[in-house]
Amino acid sequence: MQEPLQQPRAFTKTGTHVNYEVKGDVAVVRINDPNSKVNTLSIQMQKELTDVMNEVWSNNAVQSAVLISTKPGCFIAGADINMIEGCKTAEEVTQLSQEGQNIFEKIEKSPKPIVAAINGSCLGAGLEFVIACQYRIATKSKKTVLGTPEVMLGLLPGAGGTQRLPKMVGLPSAFDMMLTGRNIRADKAKKMGLVHQLVDTLGPGLKSPEERTIEYLEEIAIECARGIVNKKIPLSKEKGMMQKLQDYIMSFEMVRNQIYKTVHGKVMKQSKGLYPAPLKIIECVKAGIEQGPIPGYLAESQNFGQLAKTTESHALIGLYHGQVTCKKNRFGAPQKEVKTLAILGAGLMGAGIAQVTVDKGVHTILKDTTVSGLARGEQQVFKGFNDKTKKRNITSFERDSILSNLTGQLDYSGFEKADMVIEAVFEDINIKHKVLKEIEAVIPPHCIFASNTSALPIKEIAAASKRPDKVIGMHYFSPVDKMQLLEIITTEQTSKDTTASAVAVGLKQGKVIIVVGDGPGFYTTRCLAPMLAEAVRVLQEGVDPKKLDALTTGFGFPVGAATLADEVGLDVAAHVAEDLGKAFGSRFGGGNVEVLKTMVDMGFKGRKSGKGCYVYQPGLKVRDVNPDIEEILEKYKMTPNPAVSSDSDVQYRLVSRFVNEAVLCLQEGILSSPVEGDIGAVFGLGFPPCLGGPFRFVDAFGADKLVEKMRRYEEVYGNQFTPCQLLLDHANDSSKKFHK
Amino acid sequence: MVMPWALEMTLARPNVKNIVLVEGVRTPFLLSGTTYSDLMPHDLARAALQGLLHRTAIPKDVVDYIIYGTVIQEVKTSNVAREAALGAGFSDKIPSHTVTMACISSNQAMTSAVGLIAAGQCDAVVAGGVEFMSDVPIRHSRKMRKTMLSLNKAKTLGQRLSLLGSIRLAHLSPELPAVAEFSTSETMGHSADRLAAAFGVSRVEQDEFALRSHSLAKKAQDAGLLQDVISFKVPGRDIVSQDNGIRPSSMEQMAKLKPAFIKPHGTVTAANSSFLTDGASAVLIMSEEKALAMGYKPKAYLRDFVYVSQDPKDQLLLGPTYGTPKVLERAGLTMSDIDVFEFHEAFAGQIMANLKAMDSDWFAQTYMGRKSKVGTPPMDKFNLWGGSLSLGHPFGATGCRLVTTVAHRLQKEGGQYGLVAACAAGGQVSDTHPGGVFWLIVLLKNK
């Protein structure tokens, strides 16, 4: 890097979060929040930034500025959520938004060019900050991602994002970014025109790679800032043919209106109108483009304020906090790290567990009993990584070296080195016992035995064990590589270290973890079973599967009840319904188990068998209702009671049984906190995210109102709708809330 | 046999034969696409072998084995050692094989020769290397190849026609030799630029080093010091007797070039990188006993060598730093004992980065598990007759040039010990790498 010709004036100013140093004629503004792992635009950060920028603008020796974070892996991860939550009224939040808009407007209009040098996450308000700057340089680090995730918190980019982004990347890309909230990697950001220049990450040198990379980025950004001042680097890029064409097309109001309409339609279809934020985002963008900046910015700040006070936003922010909680190991560090993990059964689950383990540097043994089963499982793992190669997330070399950690086998060789064994064999207590005994004969004394069962009580499995303190349940959800939840089940005998180790493995696999007590169906399966029983009753009452799906998705479930049953597998559902029915008695009744059993007997096991409630044809997305089930439903027909059969009543019948069972789990101590209950229901079972989980739903909806509905259903159907004691307590005392 | 001089004893190892370099030659190294452009790789290798035969006058049946190194293989002559040896008139009873190990392929050929002699298998081995970048194998696409291979097996006209009909325009796009490291998809130049940045090597430092290389090479060439170069009558063309890539420029001229790999802020340019080169080299290695018995006056002992390898992404070109202390420790020497250094110059930035790494206590402690820094070779002993940046770098042939140059410099400068370091770094554009980095260090004792 060339040093400036004139002698640099040593000039620095140091705050706790922001400091700046003048290098020649360039002010280098460095941000780093000393109290947090990530930088957020907190009140303190904003204040110091404003102070520093004012100095930069008034300092005559400074021609340009570079904005950089010295925190490894993070530029600015977003606004401070606590700051938004701390506001009492929508007006206060609107005020916050306007303050942000004002700061960034000054940045945008800065007479001295500001170069944002981005390394690590640049999200939300962080992104809004950099797009107000005149120039952006980003490192190619895997940690460098840009995005506007506000929509996932039920909010919108409230500091100018809805106004600047469409101008920068075009209407379609801007909508895509703001409505999905997805992260964009540096190389993609460059292609989109979101950043101007990319910088490589550096390896070992005279300093640590991370430190030197940030320094290198700074050096390049400084040169760049000088280049802009000297007019060597143009700020406006010559537009390409495609860009010009797109701009031309977009200049027609009719075309733009068509886009708004299409996007609006898509949002409505996907969100069922249950999420206000995406609609508000469209509104703000439209206001800015069609009516100009003043109405645009006003719409943005007002909508931001309103959204922050919606129950949906509270629910989503609650989930965000819950997720953070469930990504920590509250049982401490395990005595021994799991370096070799053996998985029994190379089926969908077993192979899925292998897939999320093998790329974490853990030697993974995948054992099956047949060559064909093993080959299928190994292919599933290979395909998972090969797909990543095709998407260029990893190179083929990385894929191969990851897979070198996987050993597929039919025998127990190497199990003497296993630190943990997870069994994913058939759900039959006798088979589980047989496997457990075989395993305990070959594994070392410290090795943990985990069962990936979805309903069998761990206590019963552990009954056959010589060391029940090392037995635990690890309930994964299918497909394992997509579903974030892991439900860990401990018995009274499970040792704390065993739990700590299971949680550590789950966290390594990237899971969100809830730890629950033992019992039939644990937490998740137990909540789902009554809802599915109700769904079967609804079908028996003559509602067709498509209508049932529409009612459930209309309530906010991402997957309809009939489709969900097909996905889980009707055989599994029948099995679970029968088991839990035995354990819990008539409360788990409702639909006739024989309906499911008959379907299974006829070979309708759901998606995996090609037929279930629906008929699945490879390559076809549209699916028809399985015509053969009409006969079955006709045979088990029930007459609906019109008093409790409106669309809304059907929805609440399904949901109230789910919620009541969840609350009962908390009452019985299966759950240790409402947070885990919410996270488990949303991430494992698809409980509507906009409701934030069963417990937050009760808080927002009102326990008394829910109890009132349940009493009405109870009159018709009996004890399946009897509210549990804890729910009644909350209904009787409106000051009682699950979430403070 | 007890040697008369004491110091020699410390380097000679018990029960291992003394192995000597008798002679080393090379064809002139030419920019790709110049006078050699119509040849094939074995033509160049043959020229080097004939040059060696001529210089040493060794009977054609005395040699026990011939080994050649090469990187980009011509598929027609995959065992280029054998084709070249037969063409050069060596006895057809002499077995030959070809090795590949990226840019240290001919180093591998030489150390294989040393191994054969030490193991008592052979007494005289010819080792060499060749690279021919004027023509590289460009293949049909995988889809096209598959169709063509199926076509061979097609039995009926109908089958053939349907296969021919399946060819699409996309099938016709050719596949060039990999321009990148297979494991990381990163080109060598890109890697060198990142390495230079990691060690804070400036553009000016790189240009200065490149200028030094060219100036020293020019001086050596003018003074007639590059005795290993033989004259070669290129079929259909003139006699070539000089390297043609030596071009001392000025700092101003070099500063005008744009970065070649990382744009716009990179520091590695065409002027401070080695260029694509055609050339071949050959050396005669013998047991000391045999050499003396045949009346040769060996140029140097080949004492010791070590190969190391690192992470192919971030430490691809850092071999010298790791390899140098290792070989010195094996031989019981220190940096100050070495009189002549010859380091392969893939990129000026890579050399400078290594010099900085060798000079850093932090690097030595953090990455090498050493207490203190390796130490840098003094520049007045370092690559005094130019290097790969100026003389050229035919990937497979450079190793032999380095070893021969050390021997000649020891003779000329009157030193005792020489050290060669060659890393598996690619050329400017195109090279295939086995992954990892390999370093060869040969200690030579002036005879």
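Just so it is clear, glycine is given a Cβ too, placed from its N, Cα and C backbone atoms.
What TrEMBL lists as site 'Important for long-chain enoyl-CoA hydratase activity' is A:GLU128 (among others). A:GLU128 (site 'Important for long-chain enoyl-CoA hydratase activity'): 30 other CB atoms within 10 A of its CB, across all protein chains. The secondary structure of A:GLU128 (site 'Important for long-chain enoyl-CoA hydratase activity'), as reduced to three states from DSSP, is helical.
Cβ neighbours of A:GLU150 (site 'Important for long-chain enoyl-CoA hydratase activity') (same chain, under 8 Å, six or more residues apart in sequence): A:GLY78, A:GLY124, A:LEU156, A:PRO157, A:GLY158, A:GLY161, A:MET178, A:GLY181, A:ALA277. Residues or ranges marked as site 'Important for long-chain enoyl-CoA hydratase activity' by TrEMBL: A:GLU150 (among others).
Among the features that TrEMBL reports, domain '3-hydroxyacyl-CoA dehydrogenase NAD binding' is placed at A:341-518.
Taking Cβ-Cβ distances under 8 Å and a sequence separation of 6 or more, the neighbours of A:HIS475 (site 'Important for hydroxyacyl-coenzyme A dehydrogenase activity') in its chain are A:ASN452, A:THR453, A:SER454, A:LEU486, A:GLU487, A:ILE488, A:ILE489, A:PHE522, A:THR524, A:THR525. In the three-state DSSP reading, A:HIS475 (site 'Important for hydroxyacyl-coenzyme A dehydrogenase activity') counts as strand. For A:HIS475, the entry in TrEMBL reads site 'Important for hydroxyacyl-coenzyme A dehydrogenase activity'.
According to DSSP, A:GLU487 (active site, for hydroxyacyl-coenzyme A dehydrogenase activity) is assigned to a strand segment. Summarising the annotation, TrEMBL assigns active site, for hydroxyacyl-coenzyme A dehydrogenase activity to A:GLU487.
Per TrEMBL, the feature domain '3-hydroxyacyl-CoA dehydrogenase C-terminal' maps to A:521-616.
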10 Å Cβ neighbour count around A:GLU487 (active site, for hydroxyacyl-coenzyme A dehydrogenase activity)?
-> 26
Helix, strand or coil: which one is A:GLU150 (site 'Important for long-chain enoyl-CoA hydratase activity') in, per DSSP?
-> helix
Which residue counts does DSSP yield for the domain '3-hydroxyacyl-CoA dehydrogenase C-terminal' (A:521-616) in the helix, strand and coil classes, in that order?
-> 67 helix, 4 strand, 25 coil
